[in-house]
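Summarising the annotation, Swiss-Prot assigns Mn(2+) binding site to Asn172, Glu238. Residues or ranges marked as prenylated FMN binding site by Swiss-Prot: Ile175, Tyr176, Arg177, Arg189, Trp190, Leu191, Arg194, Gly195. Taken from Swiss-Prot, the feature active site, proton donor applies to Asp287.
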Amino acid sequence: MKYHDLRDFLTLLEQQGELKRITLPVDPHLEITEIADRTLRAGGPALLFENPKGYTMPVLCNLFGTPRRVALGMGQEDVSSLREVGKLLAFLKEPEPPKGFRDLFDKLPQFKQVLNMPTKRLRGAPCQQKIIQGDDVDLNKIPIMTCWPEDAAPLITWGLTVTRGPHKERQNLGIYRQQLIGKNKLIMRWLSHRGGALDFQEWCAARPGERFPVSVALGADPATILGAVTPVPDTLSEYAFAGLLRGTKTEVVKCVSNDLEVPASAEIVLEGYIEAGEMAPEGPYGDHTGYYNEVDSFPVFTVTHITQREDAIYHSTYTGRPPDEPAVLGVALNEVFVPILQKQFPEIVDFYLPPEGCSYRLAVVTMKKQYAGHAKRVMMGVWSFLRQFMYTKFVIVCDDDVNARDWNDVIWAITTRMDPARDTVLVENTPIDYLDFASPVSGLGSKMGLDATNKWPGETQREWGRPIKKDPAVTARIDAIWDELAIFKQQ
């Protein structure tokens, strides 16, 4: 399934009962969050609020509120199919030349997909059907949500921020929250290591005193949105990956006021600039951790133009204690990560990021252990191989007889196969999420690895326990008479 734009995707969701239109007036201030949160926790549909109080523009929430909708957005039927997306990314990250004609034939589908990587630049586009500029720019006319009672101000959450460094041909797409502070002013909360912030730093060094162009796309097609949150290789642009997912080249258009290229079918595009030195205190905001984060200073984004489609839809979300939409995305993208990790570490059987671990702060790995110390090698690999896991605080490694997605299994392995002193690895002074207030220093903290594998010679001097296993023949005999026993049948 391929979608030309967000509206194509909404049509399909509605046909499948995965979209609910809300006609009752609902306030973007707190009320939409309350409804969206209850709906997501119940595994409910995406929500289109057609009459937000005080606004004429509808609000779309919970678009990716179930793993299946994430899979649908990536052009797959179910979550398990996302492993194929991961295999494609693993191939693109470290391509292997064909070993012969048969191997070449087997790889043809992957090579064919690569043809969809270049973007297609349009002269005119739906996202520029209406152009607002100058004094007419007023962000207060967009139904930007206030999600939690102590939030500082309305907050844009699903904006795809487009930037380009002074020496780069390729653009960067990143999702950074943006606090509304004026009719044409937003605070761009990007951390210093993120792509947009790096582009800005390079711009300030190369062109001191010049304004840094920025554009933000809201309501792009699902492949482009998900391309911005997927672990694409550094050599691959998010637009290129979206083309791979969609099966057609990503259509882009040059912005009205700068040379950046934005998704042609986006519902709304904000164009403007950031000036070096113009900063403002951002926050506090309720975040995906379930807490309000501290106030900090970030650059101010001045919006000079708003372009949009006729009857534009504002795409938004909320973040809070899991489950929320980022947690659901984490569950789905988990399947993408597995083949990428397995390409580098074939001994990995499964990899799981429990949603209650705030999407990435805790990982469980199961592996086919082959030698003493092997589990520690895998721990270090998880922390270092993909930048998405540089903030993972806890890595639990188990043998392949443990189900990584079953806490009963994992806790059993931890409590029976671990000695706390011997099998715990502590690493100090490592990068930690800025939002992690538990770390002693902002952005810098420790990590813990738990080796819950069976211990090999060299790791222990004791005779190691053998897991109890049932007799298969007895199990088969009891299976045959189980219904006849009627143990659970009502009298």
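For all residues, glycine too, the Cβ spot is worked out from N, Cα and C.
This view paints the features noted in Swiss-Prot onto the structure.
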| residue | record | Cβ contacts under 8 Å, 6 or more apart |
| --- | --- | --- |
| Asn172 | Mn(2+) binding site | Val162, Thr163, Arg164, Gly165, Gly195, Gly196, Leu198, Asp199, Glu238 |
| Ile175 | prenylated FMN binding site | Trp158, Gly159, Leu160, Thr161, Ala228, Val229 |
| Tyr176 | prenylated FMN binding site | Gly159, Thr161, Met188, Arg189, Trp190, Arg194, Gly196 |
| Arg177 | prenylated FMN binding site | Leu155, Ile156, Thr157, Arg189, Tyr285 |
| Leu191 | prenylated FMN binding site | Ala197, Tyr434 |
| Asp287 | active site, proton donor | Asn293, Thr319, Gly320, Leu435 |
Completion exercise
In three-state DSSP terms, Tyr176 (prenylated FMN binding site) is classed as coil
Problem - Residues close to prenylated FMN site centre defined by Ile175, Tyr176, Arg177, Arg189, Trp190, Leu191, Arg194, Gly195, Cβ within 8 Å - result: Thr161, Gly174, Met188, Gly196, Ala197
Completion exercise
With the fewest other Cβ atoms within 10 Å, the residue among the binding-site residues Arg189, Arg194 is Arg194
Fill in the blank from the handout: Span of the recorded prenylated FMN site, as the biggest CA-CA distance among Ile175, Tyr176, Arg177, Arg189, Trp190, Leu191, Arg194, Gly195 in Å, is 14
Exercise for the section: Tell me the Cβ neighbour count for Glu238 (Mn(2+) binding site), meaning other Cβ atoms within 10 Å of its Cβ, over all protein chains shown. Expected result: 25
Problem - Number of Cβ atoms other than its own within 10 Å, given for Trp190 (prenylated FMN binding site) - result: 23
